[in-house]
Amino acid sequence: MGWLHGIRSRLRPLLFRATVEAELDEEIAFHVERQAEEYVRAGMPAGEAREAALRAFGRVDAVKEGVRIERGTRLLEDTGRDFRYALRKLRRNPGFTVAAVLTLALGIGANTAVFSVVNAVLLQPLPYAEPDRLVLLWNRSSSAGAQRMPVAAPDVAVYRERAKGFERFGFTEGTLDLSLSGREGPLHVRAGRVDPTFFHLLGVRPALGRGFSGREDVLPPEILDDSSATIPPAPVMLSHGMWKARFGGTVDVLGRDIRLNGQPAVVVGVLPADFELLLPPDVGVGRRADLWLPIRVDLSRLQRVDRLTDQDSDNTGAVIGRLRPGVTLEQAQAEMDGIAARLREEVPEYRHAGLRIDVVPMKASAVEHTRRILLALWAAVGAVLVIACLNVGNLSLARMLGRSGEIALRSALGANRWRLARQMLTESVLLAALGAGLGLLVAGGALPLIRKAGPADLPRLADAGIDGAALAFTLGCLLLATLFFGLAPALSFSRDGAGGHLVRRRGVRAADRHGRGIRNTLVVCQVGLSLTLLITAGLLLRSLLSLGEVSPGFEPRRVLTFELSLRYPDRYLGPADRAAFVHQLEGRLASLPGVEAVGLVGRLPLAGDLWTQPYGLDGASVEEWSANEADFRMVTSGYFRAMGIRLLAGRHFTEAEDLYERERVAIIDERMATRLGGTDGNALGKRLGFPLDGAPVWARVVGIVEHVRHESLTGNGRETIYVPYRQEASREFAVVMRTSGDPSRLVGPARDELRAFAAHLPMYDVRTMTDYIAAATSPTRFALGLIGLFALLALFLATLGLYGVMSYAVRQRRREFGIRMALGAPGKTLIRTVVASGLTLTGIGIGLGLAMSFVGSRFINSMLYNVGKVDPLTYSAVTSLMVLVAALACYVPARRATRVDPAETLRHEI
Amino acid sequence: MAKVRSDLLQGTLDMIVLKTLELEPQHGWAISQRIRHISQGVFDLNDGSLYPALQRLERKGWITSSWQVTENNRRARYYRLTGAGRKRLAVEERKWVRASTAVNRILGIAYAGG
């Protein structure tokens, strides 16, 4: 209450200053009158009484001033006056104001935009209940390198039983591609699979209906053990998007019967709109599933899959654990180390693989792949703001020197130094506030563009917006900016003695010398920072160019791909059925006009799906296989031609191998060939062991093809084994069509063909191979786009700064130039002098920038490809560009100075 | 009796003003009159110096002011003690009594000794 009263009593004099003053006058007048009456009553003549009353009152001005001081509003009133004054000054100087405000708006706006992204992606806690206690658990094989591996479902049951530091565990398998029957034909849907307690673990409540429950949704043993028992329809939870798009977003969706791959299922709930499963991209669990199915078997009943013998099992996935309150990550890791040790004793394969279990915070691992790129962006945009501030600082400094006369006069009239410095700061705050306001608009405009350009693996990018945090950050930028560019002029001013300025010539010179020192420092910093940004952008550009030159190992142009899933309970049951289906489909697609070749592959390169298997060379025992890991692809005979993968030696698979089970054969890539004795054909005929269809097999190598970059464009990738699709016909696969023209024109015909042939199968992920290549380079392009933009902005601002400093310097030396020209010095010499002094500053800045680039390039190292951190070409090109631009920025004002008539200059002495 | 100079301690002036308002609201002139009468002219301060003190007390929330009509039908600003001001006055009085008693005792001893 006390403070409220304080505010009210201070607010009135501020808001109603005139009234308050009038009241004070009235009060004093009343007092004096009343006192005079008193004197009259005591017998004094009326004329004298007033005089006496006034005398008794004391100095009216002093009293009034005393009252004003006691109101406690002095500081605020002064500030208000400063603001009005500053506003007037800024209005009177529109050129400066517009330049400064725009510069700051760009700097602050870009920062706010990038901050919103960083905040949404990196800083915000995961959208789950008590996310700090959530951890991911990974398997790692100490013998097969640092590769993370999914956890087997029955292990989760073991964790639940033994791990005491955890409240609960949740388990989710990779998504399934299913076909949802509907009136408009089958729709492809991605189904996430979770154990029934999964959403409960995350603390995600359904927006509608019920969530899965361990009691209702796990099938009782009597059903599972009785093969003749009818299995009740699967409960389904819809994603919010799916509910809106396909089910009209109505409540009566609950309890509705649907068909997934022909199987009955029933909708039991809808997830909230903002639900997203944030897992690292390499888990293979889709961030956005269209619907969710519970794993209806107790996890302990699922078989622990022997990775050596069975790859196509779904019993592995990602495990999320919730730590008990107070349990640290280290304690949890120590406990899991113990559990891993016991599992190694109990399970032979784990003993061979040297099983380790890693416990990592869920948040860190969900966003770790984005951390570096975002921090690099943040640093870059921060540098732009610093340059912007330096520029505005420079401008204000020049303006302040121009106002030295006014300031000298004011200080001579008794304004104290602190008061004047405060006024300078007020101007800076006003500028920064205008800049920040406009900057918010800039950020608001830029964010949709960033959201659109962002790479697909940047999670939660859609959440980036101008929210409270962003506003607070902008305010922080504003304050920092004010300090940054406002303090320099304020300080430089208060350091100059005040009186000196009145002695005009000497004062100006002294202030000028001092100001020039500051201004030169600012310019050096600007050049340094923008050089750093330019070099960073240059390195990224070079990387992108190198990425464009990388041969992925196939010919991506004119290739259309789509995926199919044959997961039906009553059809395509055996590999032979699937192979026959595929063969027919290929034949029909190949007959379409414009199609040159058709093939099939289990998983497309660069599509983010990995499929690796252990393998052994001739003579190795099966136990030793787990030391090796190769990419594994099942393909039909047409695949290599359709994808444009060159055959280096041996032969392709044959059509007979597509259809019938024969001798086990394999085609290997050149990398594997090197391990088997060389690409020149020595590897042909050698035997290679790997698990296939649940059993270890040995296959004869019949062909060697080019190495394909399956995982990423930049990584070297693993050796690859190709086997005929017939041998282990996966249920999901991609069809690859090489076309003679624009591949997208075949989408319609291919779809029609499929509908005529198998109407119940929806094709999905219809894309060209160039799409996949573009997606693989999108993080680099995203970073390059933004950092490049920031670098250009920085170069522009730094050039502007240099230009300003040189113009100012030239103007100061106009008299000197006039004299020298009058004495016959050629204009060229003078220009050279000016340019040389400007280039000296640039040179120092470049030195600074090179040093900073050297340190800073570590941030973007992970995005660089085929270009050294200290790439001579980039460094020299960027440095030359900087020198060139700087020389131009110096030349223009210098030339202008020499154009002026010397006599005019001499007469026009400042 | 010797006159006390006007450079009274600020706190003392505040206390005196609060005390004069203890019985009823007053306008500025009446307060100054009252101080002069009761102290029998000991506190010889400019009438004007009362006003900054009033402003200060008002800012601290110990008194409030409002414009009212006097018995002679004129507008004047009346000051009134608030609850907080009343408490403050009590505190100040206790402090003053304690301090002045102590001072008196010290001076009394000094006189006795001298």
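Including glycine, each Cβ sits where the backbone N, Cα and C put it.
Among the features that TrEMBL reports, transmembrane segment is placed at A:96-123 (among others).
According to TrEMBL, the domain 'MacB-like periplasmic core' annotation covers A:97-337 (among others).
Residues 100, 103-104, 106-108, 110-111, 113-115, 117-118, 121-122, 431, 435, 477, 480-481, 484-486, 488-489, 522-523, 525-526, 529-530, 532-533, 536, 779, 782-783, 786-787, 790-791, 793-794, 797-798, 800-801, 804, 856, 859-860, 862-863 of the same chain lie 6+ residues outside the transmembrane segment (A:373-393) yet bring a C-beta within less than 8 angstroms of a C-beta in it. Among the features that TrEMBL reports, transmembrane segment is placed at A:373-393 (among others).
Taken from TrEMBL, the feature domain 'ABC3 transporter permease C-terminal' applies to A:380-495 (among others).
The transmembrane segment feature in TrEMBL is assigned to A:429-450 (among others). Long-range neighbours of the transmembrane segment (A:429-450) within the same chain, counting only residues 6 or more positions beyond its ends whose Cβ lies under 8 Å from a Cβ of the stretch, are 83, 86-87, 90, 97, 100-114, 116-117, 392, 396, 461, 464-466, 470-471, 474-475, 477-479, 481-482, 485-486, 786.
As annotated by TrEMBL, transmembrane segment applies to A:470-491 (among others).
Annotated transmembrane segment per TrEMBL: A:522-541 (among others), in sequence order.
The domain 'MacB-like periplasmic core' annotation in TrEMBL covers A:628-738 (among others). Taken together, the residues in the domain 'MacB-like periplasmic core' (A:628-738) have a mean pLDDT of 89 on the 0 to 100 scale.
The feature transmembrane segment is assigned by TrEMBL to A:782-809 (among others).
If you look up TrEMBL, you'll see A:789-902 (among others) marked as domain 'ABC3 transporter permease C-terminal'.
Taken from TrEMBL, the feature transmembrane segment covers A:830-855 (among others).
Beyond the ends of the transmembrane segment (A:875-894), by six or more residues, the same chain brings 527, 530-531, 534-535, 538, 795, 799, 802-803, 806-807, 809-810, 830-831, 833-835, 837-839, 842, 845-846, 849-850, 853 to within a C-beta distance below 8 angstroms of the stretch. What TrEMBL records for A:875-894 (among others) is transmembrane segment.
When Cβ-Cβ distances below 8 Å are used as the criterion, the transmembrane segment (A:782-809) is approached by residues 99, 103, 106, 110, 114, 373, 376-377, 380-381, 383-384, 387-388, 390-391, 394-395, 398, 450, 453-455, 458, 516, 519-520, 522-523, 526-527, 529-530, 533-534, 536-537, 540-541, 543-544, 834, 837-838, 841-842, 860, 863, 881-882, 885-886, 888-890, 892-894, 896 of the same chain, each at least six residues removed from its ends.
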